[in-house]
Amino acid sequence: MRLSAKLALSNLRRNRRTTIPFMLTSALCTLMLYLVISLENSAVVSESFGGAQMQMMLGFGELVIVLFTVIFLFYTNSFLMKQRKREFGLFNILGLAKKDIAMVLFVELLICWGVSLVAGIGLGMILDKGMYLLIGRLMNIDLPLEFGISGVAVVQTVLYTGAVYVLLVVYGFFMVNVSSPIELLHAQAEGEKEPKNRWLLALGGLLCLGAGYGLALWVQNPMDAFVLFFLAVILVIVGTYLLFSAGSIALLNMLQKNRRFYYQTSHFISVSGMKYRMKANAASLANICILSTMVLVALSTTICLVMGMDQSVETAYPRETTLSIYSQDGNYLQDFDQALAQSGVQATDVMAYTLFDIPGTVSGDTVSNLGEYGKPDMRLFEFIPVGQYNNAEGTDYTLEPGQVLINPGSDSWGSSLTIGDRTWSVAGTVDGFPPSGLGINMMGNPMLVVLPDEADIAWLQTLVPEEQRNVTNIFAFNSPDPNRDAGVLKDAFEQVTGARPFGDTRQNFALSLQSMYGSFLFVGIFVSILFVMASVLIMYYKQISEGFEDQKRFDIMTRVGLDNRQIRKTIHFQVLAVFFLPLAMAGIHVAFAFPMISKMLALLGMGDITLFMITCLIVFAIFAILYVIVYGLTSRTYYQLVKGMSEETEE
């Protein structure tokens, strides 16, 4: 055991270029797991305003981190095992039995686990209170800061990471036992085989990617966007892997068959070199692309939600207090007036109106299937008489019989509107959109239709079965003490009608929204840090593997007569193309996902497409700069490896 420990420590020191990043990754996963579990089980968070929402999101974050830890530590460990096959073979030839090599491997992983636990949990205890401050800031609440260690977080973190390392030990034992010493010794000396064309896989990649993009562009209904989003994501992920692994090889083989293009010095070397690079790096590059896309989407959406929160609050609550009640005939407005007089509430800037909300199927300028949910091309329509619209929005529109005004939301509409056997001409569009009293409209992008008078509303109601009629009576106002006055008016209305309205104040809605959006942003930041870390480590390890491979390529190209300047130029071009392809592909993924994500954000109350577009562009620009910086830092290791070989060749 003592010999195994000495060999393990010696191996870790000798291979520090790869083992230190592995231990840092493991420690960071441990740190983030401890912090998330600690916050998820915190009584302080659960008892705070919006704490239940935050802890639900933290539970999701915990699942993501655990899955990520398993997958990514396996990925990095398999890379280390591949790099060390020759070393294990040499140990075996020098007299170490396979069980002794397995014991050395066990001690190495035990040391890595111990270091990651001490560093991760220790740093987690230090940063724990900083996370409380961050959550309080994001949710706009004050959380008491009391020093303490979460025993639940410590135990669960040890168990989760311990289970992962047990799997790594089992995998290492298997790799050592199934290989012969000669296979291990010559594992890295095997020649590369010519990459074969796999046209079916390449075509499958194109079809999957096209289907994913098509779904993102085709979906119009926000509810459908939520349902189909994950299908589109899976299709794009599968398509990305297939295109990087098979599509890139197929494209390069096509270029190779073009004699006029291929048989030029620069093209000949670049194309043939890229084929082998893509064969070796396809999975890693696809991983970087997908992780980069996840970072861009997670940060863009959560930041946009937080930045657009004030606009969402103002849209949902144009007055300090908004109360609503459903009916089938819209006769509650006078009752609100009576309740207001009895309550003694000093209401100003009163808005009182009714909205007839009904879903329908859209075909051109015709709306059918009123009241039927779940139909294709379904959309929510909100109808209001022009007089009530003017009262709500402070306008003075007039309409002739047979005319309507519309607000089509983010979509366009034609010159007429047909429902049943009636057709109205569209006299124009309106900018204002009276709130429905629901806070966030979960039907997404509704269309407002302003009708000439209440008789049109009554006729529309006859087209819908009575049990499906949905008239929302809305009463919004300002007052000196919104929180108190809202409760007083609810009580007075209940005394008058026997029914109690629902609704809240702008302040409470803003706090609720900030709690929800803050939870999204916190988890989005956490997940993005994980994915960025993964991308950085994949890039670093690939730079190392490329460096070792290019040592051999440099030697071969020197022997066939190419000068060092030409070799460096060719290799530099190939490396740049390989490592920046994932960034470009991630940008394309986000661009095609933009319409679908915009519709999903509309369900969360964020309908400002321009703000989302600007946020996406800024996040992509910052991420691209970070990507370039990381590439520059990790490429130093690559150039040190290649430079060492080139200097030996020159001598």
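A Cβ is built for glycine as well, from the same backbone N, Cα and C atoms used for every other residue.
Note that the structure is a prediction, hence the values are computed from the model and not measured.
Over in TrEMBL, the protein carries these features:
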- 20-37: transmembrane segment (TRANSMEM)
- 57-80: transmembrane segment (TRANSMEM)
- 63-175: domain 'ABC3 transporter permease C-terminal' (DOMAIN)
- 101-127: transmembrane segment (TRANSMEM)
- 147-178: transmembrane segment (TRANSMEM)
- 199-219: transmembrane segment (TRANSMEM)
- 225-252: transmembrane segment (TRANSMEM)
- 285-309: transmembrane segment (TRANSMEM)
- 516-541: transmembrane segment (TRANSMEM)
- 575-597: transmembrane segment (TRANSMEM)
- 609-633: transmembrane segment (TRANSMEM)
Any residues 6+ beyond the ends of the transmembrane segment (57-80) with a Cβ under 8 Å from its own?
15, 18-19, 21-22, 25-26, 29, 32-33, 36-37, 39-40, 160-161, 164-165, 167-168, 171-172, 287, 519-520, 522-523, 526-527, 530, 534, 537-538, 541, 545
Given a Cβ distance threshold of under 8 angstroms, which distant residues of the chain, six or more beyond its ends, lie next to the transmembrane segment (199-219)?
225, 228, 231-236, 238-243, 245-247, 249-250, 592-596, 599
With a cut-off of 8 Å between Cβ atoms, can you find at least three pairs linking the transmembrane segment (20-37) to the transmembrane segment (609-633)? Only pairs 6 or more residues apart in sequence count.
no
Of the stretches 101-127, 147-178, 516-541, 609-633, which racks up the most C-beta pairs under 8 Å with the transmembrane segment (285-309)?
516-541
Short question: which residues 6 or more past the ends of the transmembrane segment (101-127) have a Cβ under 8 Å from it?
1, 4-5, 7-9, 11-12, 19, 22-23, 26-31, 33-35, 38, 88, 91-92, 149, 153-154, 157-158, 161-162, 165, 168-169, 172-173, 176-177
Could you check if the transmembrane segment (609-633) is in contact with the transmembrane segment (147-178), meaning 3+ Cβ pairs under 8 Å among residue pairs at least 6 apart in sequence?
no
Which residue counts does DSSP yield for the domain 'ABC3 transporter permease C-terminal' (63-175) in the helix, strand and coil classes, in that order?
97 helix, 0 strand, 16 coil
For the domain 'ABC3 transporter permease C-terminal' (63-175), report the average pLDDT of the model, please.
81
